[in-house]
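Visitor: Next up is a structure, given as structure tokens.
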Amino acid sequence: MGAGGQRRGIHYWWVAFRFSVLLSCMERGSAQIKYSVPEEVKIGSVVGNVAKDLGLDISSLEDRRFRIVSGTEDALFDVNRNNGVLYVHKNIDREELCESTSPCLINLKMVAENPMEIHYVVVELIDVNDNSPSFQEEEKILEIPESILPGKRFQLPTARDPDVSINTVRLYKLSQNEYFSIQIRERGDDKVPFLVMQKSLDREKHHEHRLILTAVDGGNPPRSGTLNVTVIVLDSNDNHPIFSQEVYSVTIPENVDAETSVITVKATDLDEGVNGDIGYFFGEEIDPKVYDMFVLDKDTGEIRVKGEIDFEKVDVYKLDIHATDKGQPPMSTDCTVIIKVLDENDNKPEIEVTSLSKMVSEDSKPGTVISLISIKDKDAGLNGKVTCSLSDNAPFELKPSFQENMYSLILKNRLDRESISHYDIEITATDCGQPPLSTLKTLTIDVSDVNDNNPEFLHNPIEFYLRENNVPGKTIFSITATDRDLNENGALTYNIVRDEGSQVKTAAFLNINSENGQISALKGFDFETLKTFQFHVVASDSGTPSLSSNVTVNVFILDQNDNAPVILYPLSSNGSAEGVEEIPRNVNAGHLVTKVRAYDADIGYNGWLLFSLQEVTDHSLFGLDRYTGQIRTLRSITETDEAEHKLVILVKDNGNVSLSATATVIVKLVEPKEAFAASDVKSSAKADEDNNVTFYLMITLGSVSALFLISIIVLIAMQCSKSTDYTSKYLQEANYDGTLCHSIQYRSGDKRYMLVGPRMSIGSTIVPGSHANTLVLPDRRRTSEEVRRFSILIEDIIHALSESLLWLTSRSCLPNREDDL
């Protein structure tokens, strides 16, 4: 291995050693951590374990989204969420990031969520000797008169090295010669080489001297750069100009007007005439940007403003000024002008929002961090000190951080999306300059919905009226509820409660559309068997957890004229409505021949029956009462009247579409003796049957009475243990004997009303203004489920026995004689 390879090996070993030492030199202060890392390290090199040094749980870094939220724009560093290691993400060039600034610090802001935490990490980039000193030009030509005495100094161009500290230019070397040596003078932080003449020049012997100037930095191993220096020996003009001071310093405010005079430099020359006439110029090594900012009067040395002076871009300018006389050869000298820029309040604060939660849940607790806000101001001093405020009309507040100009936006009060679902928060940042400047930023925050509202029904209970004989499967009515929540939390589904109870059989025939609440019946309802029923509907939202509300639905069946009159008498043996009546010829006018009996299962006007003669052989002999159905003679019977008469009676109800039935009565006119004989035959034939019917009737009446007494005793005993709160309830089914229609008359003012319907049970009361089929009975307070079931059982038994009793009664009540009628 050659010497170059050995030097590179030693160099890499030294860099690795310094890197390991720097990584171990972390410091924690003011709640922030500082690391050091040399530039040009490999991508992926570990800087430090941030999570361990901050005391964070490494296993929760992924869930808490531990990350770097601010730092260098090109993401030089990144953090591994699996182990909390901060590593190099991109190649680091300290000279590109910080130029000549030392130390070179990179500020990183790290955030962890749930709970929200913010940490600050400072990474110092350590300079590595990766740049060699260089000169702006390859050759420097000096013209030196031969009359110059030994000891004269000539300034040489300075070498520039982007590295800092010990890695920058430390010394200059001059190639071996007998006339010149090198002298280094320090001007501030810069080292300026001077060529010092050690021996008088003799142009006739050597009219030109070629030298090599070498600039060496302080790195290990050191780097160097060279400049070719050519000295041309001249005659005459042996005095050079001299500035009144080597360093001029002046301050100017930023944003100063163009053509404003900054400073005037002055140099003198002991020579006379042309050799003492001085011109001023910018140095050749000056930054090209200076030509855009300042202009130098070559005759007077006055420096004036040319461009826009901005403190935030450059706060200090260093100008190299050369003074050259006009002698032959010309002689020159130089000085440095330092121009410091004073800051003015010309920049508004900048508001930076980090990790803004644009959607906040309405159940968030007070103190929840909504956003991190950073305030920046490019101005310095009081001009860059900023205060931040928040609009008063929002349930939020700003909480300052320990680091200046850092705030956390936190929730101050509880949120209610149903009241306010959107907030526009105005943040105002104002600096302390004179006059102060401010910036306004609006943050938009939406409140997300939480399932915190139950569905609501407009009415509870809900009452519906339904005509009987509805079409099965067709919608009969609909139920609607509302929910103040949104989306799934407000999406409602409807269900019928299928609980146990007296209404469970009816509810089984109902079906509800779970999406729109439309209820349809699977069967047609019959008013004659069911007059009212009740069920419950539950409305549930789709939130998690789901919320629900129920409503009681009372359905009242309205009667329709769907039952034709039924003839009870006359009724022949084959079931047809036809009977034969015999009357003696000697009866007088008004004699009751017979009575047509009929009933209608409908109620009200639908069950009000009217009788009329549809067909009669002699209109002058018989008359029919249209309300009672009684057939009577209109006159005495004569010898010329026929012996047999046929009467066809039409029985119809009073519905909108009237329904009817017909009965045929054959009236035979007989002599009085024959009538009595026929009457005796009928009486004897009927005797046995009447005895049997009477026996059955006694047994039925005894059973019903016994069950009725037992029911009354049990109900009274159970009622006595309850409160005596009375309510009014609808009677589900009116009790009637089903034999004949009846009417109830009442007056209201000047008008007279008649209600017609089946014969009611004793104690029933019709309430004017109620539905035609509705009876109101005094009902004691709500009994328990056991009492209700027991009552239903007793009612079923009594109903069955009543049907039997009705049948027997109808058999026994058929009129066969005038006395029976």
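Think of each number as a place in line: the chain as shown, counted from 1.
Glycine too: its Cβ is placed from the backbone N, Cα and C atoms.
Checked TrEMBL, it gives:
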- 29-135: domain 'Cadherin' (DOMAIN)
- 136-243: domain 'Cadherin' (DOMAIN)
- 244-351: domain 'Cadherin' (DOMAIN)
- 352-457: domain 'Cadherin' (DOMAIN)
- 458-567: domain 'Cadherin' (DOMAIN)
- 582-681: domain 'Cadherin' (DOMAIN)
- 1-31: signal peptide (SIGNAL)
Visitor: Under 8 angstroms, Cβ to Cβ: which one of 244-351, 352-457, 458-567, 582-681 has the largest number of such pairs with the domain 'Cadherin' (29-135)?
Guide: 352-457
Visitor: Just to confirm my parser: what is the rounded mean pLDDT across the domain 'Cadherin' (458-567)?
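Guide: Looking only at the domain 'Cadherin' (458-567), pLDDT averages out to 85.
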Visitor: Could you tell me how many residues in the domain 'Cadherin' (136-243) are helical, how many are strand and how many are coil under DSSP?
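Guide: Secondary-structure composition of the domain 'Cadherin' (136-243): 3 helix, 56 strand, 49 coil.
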Visitor: Could you count the residues of the domain 'Cadherin' (244-351) that DSSP puts in helix, in strand and in coil?
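Guide: For that range the per-state counts are 8 helix, 48 strand, 52 coil.
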Visitor: What is the three-state DSSP composition of the domain 'Cadherin' (352-457), stated as helix, strand and coil residue counts?
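Guide: With helix first, then strand, then coil, the domain 'Cadherin' (352-457) has 4 helix, 53 strand, 49 coil.
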